[in-house]
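K.L.:
First the structure, which I've put down as structure tokens, then a few questions once you've had a look.
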């Protein structure tokens, strides 16, 4: 029997090392037949550009992280060329170990006190008008990192008064009330928390998370800030059924959520959860129609849609696929 990995603080555990720490054992992609990508999933990635290099340089200069890079998002080049980025605060090491995600797991170091000011200045230098702020899970912090989110919102607005801020938050497991209280005076313009998948698949896909808890987080925030839109996203292709997704959409609407993203799951490596199915574009279109019929005001649904993909256009209600 192999010895458990002794995690060192500040060390990133990825791929096989990360998967070995998950209490629920999943069959990695390397042990299953890898599905061939259909034609609609084959895109030509844009070449590097000065805009991409400038954004990466600004991140490195200020010791900031983007979820675009840390999670190996397939839309990185497109978004960076568009002049948008999703900043990941509170470090690049997550206390969770979800087998679909490429963000590193481990014991994170203490939050950087100057990060909110650095983030605000970087956004000012980049002349952004809409920004998405997300974070790793920080179960080691008493408020899950909520005060750090609030501090970032405050500092960003101080230097960028015309900006719109979307926050994509973790579930603040076990500390929801404390987290919501920390953010009450500095809420975002859009509050986003992803359910990710159907409740039947939570044990496999989101070990340590709870479906109802996530719904309650969205509802409680909406109750506190009725004028701030709430948003959530789901991945397709993890073994869910269409009927299960429709039920999740109904649950989201029952908890006040009006903005939705649906996209195709792609395995970051052979060590992650395998893709069970590639969902055809027509099915995404059908789910979008269902979402709008259920009362969602915004629904971005398509194979390459991600939670923060063209978030500025989503917030304006423009078509995003």
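Numbers here mean position along the shown chain, with the first residue as 1.
Note that Cβ sites are derived from N, Cα and C of the backbone, with glycine treated the same way.
Remember, it's a predicted structure, so these values are computed and weren't measured experimentally.
Swiss-Prot lists these features:
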type	residues	note
BINDING	68, 73, 79, 308	[4Fe-4S] cluster 1 binding site
BINDING	94, 98, 101	[4Fe-4S] cluster 2 binding site
DOMAIN	80-297	domain 'Radical SAM core'
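Walk me through the surroundings of each of these features.
P.N.:
Under the DSSP three-state reduction, residue 308 ([4Fe-4S] cluster 1 binding site) is assigned to coil, being neither helix nor strand.
Around residue 94 ([4Fe-4S] cluster 2 binding site), the same-chain residues six or more apart in sequence whose CB sits under 8 Å from its CB are 101, 103, 104, 105, 106, 108, 136, 137, listed in sequence order.
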K.L.:
If you average per-residue pLDDT over the domain 'Radical SAM core' (80-297), what number do you get?
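P.N.:
Taking every residue of the domain 'Radical SAM core' (80-297) together, the mean pLDDT is 94.
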